[in-house]
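J.: Got these off Swiss-Prot a minute ago, pasting:
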{"type": "SITE", "residues": "Arg25", "note": "site 'Transition state stabilizer'"}
{"type": "SITE", "residues": "Lys32", "note": "site 'Transition state stabilizer'"}
{"type": "SITE", "residues": "Arg164", "note": "site 'Positions MEP for the nucleophilic attack'"}
{"type": "SITE", "residues": "Lys220", "note": "site 'Positions MEP for the nucleophilic attack'"}
Amino acid sequence: MRHLHHQTSQTKLWAVIPAAGSGSRFSKTELKQYQYIQDATVIEHTVKRLSQLPLTGYVLAIGKQDTFASTLSFQDKHKAHFCNGGVERVHSVLNALNYLSQIADEDDWVLVHDAARPCVTFECLNTLVKNAIETNQSAILAIPVRDTLKQVNQEQQIDKTVSRELLWQAQTPQIAKIGILKKAIETALKNNLTITDEASALESIGESVQVVMGRSDNIKITYPDDLELARLILQSQN
């Protein structure tokens, strides 16, 4: 596969990592992005993966009281920028985009990636960015839904089986141009829309978003036992 370095000589590529969340399924004292896998935190593994791309820089949106993030040994630490996160993920992303808009061009590309997805592969990252740049279109990593889906009522009884034929499970990174994504999120928030990822904001302003085939091992660490799974995945990938 052709790699990106020659394609991005004019195109600047940035990354945003929202990392202000408390991770409600971990105990209050334990932020999931700061759990250790082997000798590095989850977020250090995540940044290391993203840094395989020719990034101009990356922005970590962290909690206001977070004094830990800046002490970590991030890959290419000279490219690291920090900003305050927000109440929810979408606000953290918008804060990071506002920060970026002071140092980047609105036509630069930005990847938004979950802090707790340390297992994304270079092949997936490379394909995603290449597709976005070549088609000049926003894109996300996603995988087709493979399990049978059930719609249930409030009593946890099955109402019906949902066809999975056209359903894909969204992952991150999700890539768009800085100016377009910023406008999409601002518009969605103004209209009180529920924004669960960047694509949902882009969809709400009629922006086309393509799906790029991801991998099922690009897991998001959500529960404490996901840490062991992530450790095994990282081990097998290396």
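Using the three backbone atoms N, Cα and C, a Cβ is placed for every residue, glycine included.
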J.: Please classify the secondary structure at Lys220 (site 'Positions MEP for the nucleophilic attack') using three-state DSSP.
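T.: Assignment for Lys220 (site 'Positions MEP for the nucleophilic attack') reads coil.
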J.: Rounded to an integer, what is the Cα-Cα distance in Å between Lys32 (site 'Transition state stabilizer') and Lys220 (site 'Positions MEP for the nucleophilic attack')?
T.: 10
J.: Lys220 (site 'Positions MEP for the nucleophilic attack') to Arg164 (site 'Positions MEP for the nucleophilic attack'): how many Å between their Cα atoms?
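T.: With distance taken Cα to Cα, Arg164 (site 'Positions MEP for the nucleophilic attack') is 21 Å from Lys220 (site 'Positions MEP for the nucleophilic attack').
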